[in-house]
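Below is one structure; the comments refer to it alone.
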Ligand SMILES: CC(C)(COP(=O)(O)OP(=O)(O)OC[C@H]1O[C@@H](n2cnc3c(N)ncnc32)[C@H](O)[C@@H]1OP(=O)(O)O)[C@@H](O)C(=O)NCCC(=O)NCCSC(=O)C[C@H](O)C(=O)O
Ligand SMILES: [Mg+2]
């Protein structure tokens, strides 16, 4: 099943009002955070609030992830125990640097009997995580690892390495491409990190377009005001969907049955373009389905 992941909105698990709003916002998914958005003294309250929010449900077709605390913190085991019981769609693990880190989470989930439907997402936001991105992505071949995707974390990368986050992201583009290639080599989804300058609407629009063009499936967000622009950027335009349907229809004609390349509207089109066209239509259909009410569980 293709799932639109144009926009995944982070919200602090300690912010009851934000958790309440999550059910109504037009994001494709939400990330209920226990890590950086939650102060140490509020971790326990946040964990309890996330558990009751998940128990109550009401997220419709939105994907729900819980971001646990990092593996070098005193909280991650309790976070995982809660999430394993509460059954979000996935658990997002910050600061994963190695396959051992990923295995520690996957093994713990198995030990506590967590349902196999709960996927693991990892944040690529350490120097070692970026360097090991391919080894990490390769773990998607092992079902026991539950690996579903990467989330790029520019703030932590900048903190650890001193690489600055600049407008236009020139300093980060090489590692962004490296992470996108690693994810794609193993069929994983990859989401871009957040844009913190909430008031900078133009800068946000540019970063969304750049993220789309660099191959991300979508972007993580930190404020509801960012959702609509992000969704619009990652939605295939109507003209692109129409062209995709024309390409598929052209290859379906009997006279083209044995042809690898054809001419359509003055352009060469190959079967690889038909594959791209099928993906465009699948994502457009999945986005259209997001607008329909979800079937009751
Ligand atoms: C950044 C914020 C602290 C701003 O909060 P606030 O000043 O309260 O915003 P507003 O007054 O503009 O809010 C207006 C209404 O919207 C609701 N709201 C705000 N943010 C969210 C949200 N994220 N989800 C849901 N609802 C939200 C407010 O409650 C107001 O509602 P109403 O009462 O009806 O008017 C805040 O936006 C925030 O906490 N954002 C998320 C921060 C976060 O999760 N950070 C962690 C993820 S980013 C990260 O970790 C970096 C990454 O790992 C890396 O390394 O790069
Ligand atoms: Mg981070």
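Note that Cβ sites are derived from N, Cα and C of the backbone, with glycine treated the same way.
Where the annotation comes from TrEMBL, it is an automatic prediction and has not been curated.
As annotated by TrEMBL, domain 'HpcH/HpaI aldolase/citrate lyase' applies to 6-224.
Annotation for residue 125 (substrate binding site): spatial neighbours 94, 95, 152, 153, 154, 155, 156, 157, 193, criterion Cβ-Cβ under 8 Å with sequence separation of six or more. What TrEMBL lists as substrate binding site is 67, 125.
Mapped onto three states, the DSSP output places residue 156 (Mg(2+) binding site) in helix. Summarising the annotation, TrEMBL assigns Mg(2+) binding site to 125, 156.
Within the set of binding-site residues 67, 125, 156, 125, 156 have a CB atom less than 6 Å from some atom of ligand 1. In this view, residue 67 (substrate binding site) is surrounded by 28 other Cβ atoms within 10 Å of its Cβ, with every protein chain counted.
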